[in-house]
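Novice: Taken from Swiss-Prot, the feature L-aspartate binding site covers 177, 223, 461, 506. Taken from Swiss-Prot, the feature ATP binding site covers 223, 224, 225, 232, 499, 551, 552, 553, 554. Marked as region 'Aspartate' by Swiss-Prot: 201-204. According to Swiss-Prot, the feature site 'Important for tRNA non-discrimination' maps to 30.
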């Protein structure tokens, strides 16, 4: 049907007779000669239709609409010098059409223009509702091809390293290991339910017990959770697990993998080794376990400096066990007015959205003088001023922004403000090579975190992470005192402030696994009922093992320079977990519900009000 791709023609194609297929991107009538930009996934080429050289082709071309599907027969020739187009890879040539066949017409009105010239002005809702049209666009086509190259590069690397691709079940049982499950009723086993996997975590551990030793999978995963720009209810992980390797070996191998992907997909040699930072340092310096290290404005703790001052917001925070922290904003004096920092201002609103009551601020003037207002001004001694300048490294023109209160809220608020100001002040310049890819390993996560609402400890990652036994101690009777400081042998790979992947060494001792499950609130009987298959497997000579999973959607988003993973997935859901194109999820017939032995108690709120 076709001999060449539209985007494949170059100067060395001149005089070749070709047959092309594609969509009409644009049509231009120049008074006697018609020009058609014909597009397929390889690119776009100009078709010239001259009535003197192809009357029938010209008659067809006179009535063509955008997105009509064509087959064009013609001869490649050089473009005249005045019509060369250096914006197109095919811009040095054109095809003189001798025959045009309409393969399919557009019979209705297009919901939006598909041409690359009009891409930027279409609402996302329309794009998702008519995704089949959106996929014709160069941007989306390029993103999906980049996604395919990313997965291919990962597969090549892992196969060369002796890994085996193994598929794990999609229909499994619900286990209390993380977010809310998607569940499916069983028709055959009435009253019982399957769950879609949130990850292949337990199955990949069982593969290690089974002697596979090196496993990987491009795995589909499902989580029924609130969505945002970089989350979907169904998503893809590059899942990896290996036996007889320590944490250092696992980190090195996965660095090699990431470097291989970036080299293959972007042609970039990433600097090695990736920097490392403990979880504690990340929280202390950035207020988050996913720090963006492309710019400064690190959090600085100043609780000891201000704890005795008369400003009760500061002193009260310290006395109640909280913190006072500050970020130094270079050039902030000129860039940020008082109005923006006070209630109602955009910077204040960012802190408030993270749970903070507000922000205090100090301006460093020329000569190092400190300028502030209100209670801070009246209660800050010269010694405290000098110590603040010394600790923050503030220079003239710097704005100091303070957060005070519960440490977790202070961290969250200043982290959010820091990220917001980095964009506002253009501190991130991704066009510069050294700013584009800041990888960071975050290590030594806490094993447990305390849930004050339920008055119990929970696993920070999941209860299958191997704890640092030096922290916990060998006697579980001592754990009551060691739990708060116990570290997990866990690690996350962060890229430009986003978590790219994470993993850990796993518990491979059944007694330790039982104890950890008990610690997070699962009695022995319940632990056996929920995870007995895993615990029994650990009793059968489980090897030491560990692994990691990368978020493929997020990785491709970063490689493509997109802001949302929806632009790297062929058919994504909205933030309400709906598919606008197919109108899924949808209701099902009552007969289907009866076959599944279930009934719906859902009441439409709108109908209920009536």
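Counting begins at 1 with the first residue displayed.
Yeah, the Cβs are placed from backbone N, Cα and C, and that goes for glycine too.
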Novice: Which of the three DSSP states, helix, strand or coil, fits residue 554 (ATP binding site)?
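Specialist: Going by the DSSP assignment, residue 554 (ATP binding site) falls within a helical segment, counted as helix.
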Novice: Between C-alpha atoms, which of these recorded positions comes nearest to residue 499 (ATP binding site): 30, 223, 461, 506?
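Specialist: Going through 30, 223, 461, 506 one by one, the closest to residue 499 (ATP binding site) is 461.
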Novice: Helix, strand, coil: count each for the residues of the region 'Aspartate' (201-204), based on DSSP.
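Specialist: Secondary-structure composition of the region 'Aspartate' (201-204): 4 helix, 0 strand, 0 coil.
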Novice: What whole-number value in Å do you get for the largest C-alpha pair distance within 223, 224, 225, 232, 499, 551, 552, 553, 554, the residues recorded as binding ATP?
Specialist: 19
Novice: Counting distance between Cα atoms, which of the recorded positions 30, 223, 506 is nearest residue 554 (ATP binding site)?
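Specialist: Out of the listed candidates, the nearest Cα belongs to 223.
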Novice: Neighbour count, 10 Å Cβ-Cβ cut-off, for residue 554 (ATP binding site): what number do you get?
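Specialist: Other Cβ atoms within 10 Å of residue 554 (ATP binding site): 20.
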Novice: Nearest of the recorded positions to residue 461 (L-aspartate binding site) by CA-CA distance, picking from 30, 225, 552?
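Specialist: Closest candidate to residue 461 (L-aspartate binding site), judged by Cα separation, is 225.
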Novice: Taking just the CA atoms, what is the gap between residue 225 (ATP binding site) and residue 30 (site 'Important for tRNA non-discrimination') in Å?
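Specialist: Roughly 55 Å, rounded to the nearest whole number.
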Novice: In this structure, which of the recorded positions 30, 223, 461, 506 has the fewest other Cβ atoms within 10 Å of its Cβ?
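Specialist: Candidates: the recorded positions 30, 223, 461, 506. Fewest Cβ atoms within 10 Å: 30.
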Novice: Tally every other Cβ atom lying within 10 Å of the Cβ atom of residue 552 (ATP binding site).
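Specialist: Looking across every protein chain shown, the total is 23.
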Novice: By a simple count of other Cβ atoms within 10 Å, which of 225, 499, the binding-site residues in the record, is least packed?
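Specialist: Comparing Cβ neighbours within 10 Å for the binding-site residues 225, 499, 225 has the fewest.
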Novice: Nearest by CA distance to residue 30 (site 'Important for tRNA non-discrimination'): which of the binding-site residues is it, out of 223, 506, 552?
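Specialist: Checking each of 223, 506, 552 against residue 30 (site 'Important for tRNA non-discrimination'), the shortest Cα distance is to 552.
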Novice: Across the region 'Aspartate' (201-204), what does the pLDDT come to on average, as a whole number?
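Specialist: Average per-residue pLDDT within the region 'Aspartate' (201-204): 96.
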Novice: Using DSSP and collapsing to three states, where does residue 499 (ATP binding site) fall: helix, strand or coil?
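Specialist: Where residue 499 (ATP binding site) sits, the three-state DSSP reduction gives strand.
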Novice: Using DSSP with the three-state reduction, classify residue 461 (L-aspartate binding site) as helix, strand or coil.
Specialist: coil
